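So that we are looking at the same thing, I have put the structure below in C-alpha cells.
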Number of protein chains: 2
Amino acid sequence: MDMLKQRIREEATVVSAGVLKLDSLLNHGVDPVLTMELGKEFARRFAERPITKVITIESSGIPVAFATALTLGVPLVFARRKKTLLNEPDAYCERVPSFTKGIVTDLLVSRHLLGPEDSVLFIDDIIANGDAARGLLKIIEQSGARLEGIGIVLEKSFQAGGKALRELGFQVESLVKIASLEGNEITFAED
Amino acid sequence: MDMLKQRIREEATVVSAGVLKLDSLLNHGVDPVLTMELGKEFARRFAERPITKVITIESSGIPVAFATALTLGVPLVFARRKKTLLNEPDAYCERVPSFTKGIVTDLLVSRHLLGPEDSVLFIDDIIANGDAARGLLKIIEQSGARLEGIGIVLEKSFQAGGKALRELGFQVESLVKIASLEGNEITFAED
C-alpha cells in the first residue's frame, strides 16, 4: 500500500517512544476515499474466505471495518468498550489493558450478534502489543464463531502483537508495517 | 425513510422508559448497505450546503457519518470522548452529560482538524435530550467553523433535543422520528 505509506509520511507525527499520531488520517480525522481503498484491499486479501461478518473494536477501527464489510457485502459488528460496572448476562465480555491509554477496559459483544454460525474477519486500525486483539479473540472463541483472518491497517512490527497472532496460526494481513520510530523517524519494514 | 422504519419495527426493542435498543442496526451491529442509503439521504437533504467536513461523535455515529462524508466527497472528523485527565492544549473540549449512560464525558476535537475555514455537517445516530449535540455545537463555535446543518438517523421527538436545536435556527433533518415508547410500543411521529 504505497498510497498509505505516502500519506503516513506526509501526515503522521511521532509523539513519543512507540506512539505514532495519525489523527488526520485514521483515528480522529478520516479520509473516506482512502478508507474505502483500504477496505477494498482487505476484501481482496481475504476473498477466498467464507466471511459472514466483519468485527472490530470501537472507535478507530470502525471506518475501515465498515469499508471492508461494505465491500464484502456482510454486516459489521463493533465490540463496545464497556462504561458501566453492571453485569451483562447477554454479552461476551473480556478485560483488556490498553497500551496507549495506560488503562484497563472491558470489551463487550452482544450474544445475539455473534455465534457458532459466524465466520468472522477482524479488522483494526493499529496493532502494537495486541492486547485488545487478544481480548477480541477470546470473545470470538466464547461465541463459537470461527476467526477467518485479521486485517490491520498499520502494524508496529517492533512490538509483539502481529507476530504473536501469526504464531497462533492466523492469517494476519497488515497494509503497512512500521519497523521503528527511533529518533522520531518513521521507518517502514520491507514487505 | 420507510425502509428504516421497517427495520426498526423488526429489530428494535424498548429496554425501559425512553431507551430504545437498536444494537443490530445502528450502534453495535451495523448493516453497511442500509447505512450507505442513510448517508445518501443525508447528502441529498443537505446538497445545497457548501459542506467541507462531516463531524460526528464516537462511536455510534461513525458508520452513518462515514457514509455521508463518502457520498459528499469530504473528510470525516469524529469527536473523541476523552479518557484521560491530562490537559489537552491542542484540542477544543466540552464536558457533556450522557442520557443513556448516566455519566459525564468530555468531548474533544483536535484544533488542526477544525477551523474557521470549515462549513460542517453534524451527523449522529440518535438524539434524545441533545446534550452531546449541544457540546459538539460549542466545540464547532470555539473553532470558528460554520454549522451548515444537523442530520439525525433517529429522533426521539418526545424528548427536547431536536426541537431545541431547531429553535436555535439550525436545519435539523431526522430520518425517523419516534413520538413515544409508552407501553413498550414504538410509535412513529407523522412526517
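Positions of Cβ are set from backbone N, Cα and C atoms, glycine also.
Just lifted these from TrEMBL, have a look:
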BINDING   B:Leu20, B:Asn27, B:Lys156  xanthine binding site
BINDING   B:Ala128, B:Asn129, B:Gly130, B:Asp131, B:Ala132  5-phospho-alpha-D-ribose 1-diphosphate binding site
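Can you tell me where each of these features sits in this structure?
DSSP assigns B:Leu20 (xanthine binding site) to a strand.
Summarising the environment of B:Asn129 (5-phospho-alpha-D-ribose 1-diphosphate binding site), the number of other Cβ atoms within 10 Å of its Cβ, over all protein chains shown, is 18.
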Which entry in the list of binding-site residues, B:Asn27, B:Ala128, B:Gly130, B:Asp131, B:Ala132, has its Cβ near the fewest other Cβ atoms, using 10 Å as the limit?
B:Asp131
At a 10 A cut-off on CB-CB distances, which of the binding-site residues B:Leu20, B:Lys156 has the highest count?
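Of the binding-site residues B:Leu20, B:Lys156, the most buried by Cβ count within 10 Å is B:Lys156.
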